[in-house]
Every structure is written in structure tokens, then in C-alpha cells.
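Okay, so here's the structure we're looking at.
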Amino acid sequence: MKGSIIGAGQVGMACAYAMLIQNTLDELVIHDIDRAKLEGEVMDLVHGIPFVEPTRIWAGELADCAGSDVVIVTAGAKQRPGETRLDLVHRNVEIFKSLIPALMEHCPSAIFLVVSNPVDVMTYVSLKLAGLPAGQVLGSGTVLDTARFRYLLAQRLGVDPRSLHAYIIGEHGDSEVAVWSKVNIAGTPIGQLSPEWDPAHLGDIFEQVRNAAYEIIRRKGATSYAIGLGVAQIVQALVRDQRRVLTVSSLTQGEYDLPEVCLSLPRVVGRQGVERTLAMSLTESERQQLHRSAHILRQVIDSIRW
């Protein structure tokens, strides 16, 4: 399987590293407008190939992406300290107006995985610019937020986070929604998991999830490692046809009477991209929060100068 990464910044290279050590692809092309930096990053990466299963990795132009099964887009303006993901939108839309049509010339049959922020808006923009079926364009969405949620809950409950079922849906950003009503371990609801469990912890955990990116950016300038691992998981689901349930961002199709936007819901991800959406039964409060998140995204989309 062949993949391409567009953008050799911290996120793009974290994705490349994660996929290399997990033997996700047979071939990986990485492209960036800064050729010297790109070549340095690729040199550093390929020198580690003797330690893992062989993968062909090389620095290429957009034309070299031809034949890719999946194209991972991480290119775009960097989020500044204190800047929301939605503040980025107008700068990144201008980049995508030329990037997506150029990619479509070379790999129209690829699955497009958007990671650039604000990821929900940029996924929608990519879908409209590419003119592809909805399932063929998806975003990393709240895969990372869901992982953060599970990690923090698992820390409090003393369990392996992989054994905990919990989801963050909606926008990958300030209006994201924690689906508390569905948090469980082996079918046991969160309220029954521990006699010491304090409901006051709930808001504290969610605030940590929602503010995690801001805290990391304030301390080190960018997030990279965890999103790299999350993207590798999505790509594995795509190229290995795992039909894995992941909270990726994709076009709404009438779920919960939401407006037309791209946002995250639990979705089955396989070789064809997003194969279907799993509509959870939400509480009235969760449904209202999800609608608020969708309308915030719709307002941003409506402000775009196409």
C-alpha cells in the first residue's frame, strides 16, 4: 500500500514516524514546499529503517503522490499560542484552494485524510474542492480528543484505557461534546465503576481534554506525538480494511437533524473510507450540545470566501 503525506512539519513527521514503526505502509512519499527541510527530515527518518520492517520512504513532488491509496494532508499555517483552531481557517483555506485541486490531478482515487486545523472545516473545504464522494474525504476529527478522554478517565479509574469505552464527538475544538451517558467498562456505566467515584470529577476531566492542546502549545509550541499515533491508527483502518469504529470527521448525512458540516461521530472506517456512521442514543443535553457544535462550524463555513 502506498501513502503520501503533504506537509513535513512536526505533525506530518510524527505521522510518518508512527506509521514507519508500525509497518503501516509499503511506500510513503512526503512532500513539503521547503525542500531542504523535507530532505533533512526524510534522511533522518530513513536512517532508522534498519531497526524496523522495511518501508520505502522518499521526498517527492505532488506528482509523485500518484497511485497513493491514502493522502494525509497536514500542511497549513501553524496554530499560534492562544489562537483557537477556528481562527486558523481563513489562512488555511487559501492554501487548500491550490493544494487540493493539484492533488486531485495526480491521485483522484485516493482516500483523503485531513489533519490540518481547524480539521472539521478543512475536511469540509477539501471535500467541496475535490468533488469526491463524502466517504472518500475524512478528517482526524476527535480521534485524539477521544484518546485523551479515555486516558484521563482510565487514570482515575485504574484501568487500561483500551478497555474503556468513551467518546468525544462534534467539533475538534472548543465546542466538542463528551458523551458521558455512554462511558462504560464491559458494559458497566461509569457511575457504577467505583464506589469512590466523585461526579465532581467529570467536569474537571473534560476541561483537561478540551484545553489539552492549548496547554501543550503553551509549553512546547505544538502537539505532535499523540496525533501522529492517532493518524497511524486511522491509516491502518483504511489500508487494512479493519472496519474500525473511530471518531473521525466526515460529512453529516442527516444524523440528529444536524446541518451540513463535517464533524466527528463514531464511524466505521475501512478500505472505502467512511463506510457508515453509528448513531448513538444521546441524552437531550448531549444532543443540544452537539447541535451547538454543528452550528458553530456551519457559521465558520458560511464565512469562507470561496
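A Cβ is built for glycine as well, from the same backbone N, Cα and C atoms used for every other residue.
Under the heading active site, proton acceptor, Swiss-Prot lists HIS172. Annotated NAD(+) binding site per Swiss-Prot: VAL11, ASP32, LYS37, GLY76, ALA77, SER98, VAL115, SER116, ASN117, SER140, in sequence order, evidence recorded as sequence analysis. The feature substrate binding site is assigned by Swiss-Prot to GLN79, ARG85, ASN117, PRO118, VAL119, ASP120, ASP145, THR146, ALA147, ARG148, THR223, with sequence analysis given as support. Residues or ranges marked as phosphotyrosine in Swiss-Prot: TYR214.
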Taking only the CA atoms, the spacing between TYR214 (phosphotyrosine) and VAL115 (NAD(+) binding site), expressed in whole angstrom, is 17
Can you tell me which recorded positions out of GLN79, VAL119, ASP145, ALA147, HIS172, THR223 are within 10 A of VAL11 (NAD(+) binding site) by Cα, answering none if there aren't any? THR223
Among the recorded positions listed here (LYS37, VAL115, ASN117, HIS172), which has the Cα closest to the Cα of GLN79 (substrate binding site)? ASN117
Three-class DSSP assignment, GLN79 (substrate binding site), comes back as coil
Which residue among the binding-site residues VAL11, ALA77, VAL115, VAL119, ALA147 has the fewest other Cβ atoms within 10 Å of its Cβ, if you could check? ALA77
ASN117 (NAD(+) binding site), Cβ-centred 10 Å count of other Cβ atoms over all protein chains shown, is 29
Can you tell me the CA-to-CA distance separating the residue listed as 'active site, proton acceptor' and THR223 (substrate binding site), as a whole number of Å? 14
Rounded Cα-Cα span from ALA147 (substrate binding site) to LYS37 (NAD(+) binding site), Å: 30
Compare the C-alpha of ASN117 (NAD(+) binding site) with the C-alpha of each of the binding-site residues ASP145, ALA147, THR223, and give the closest one. THR223
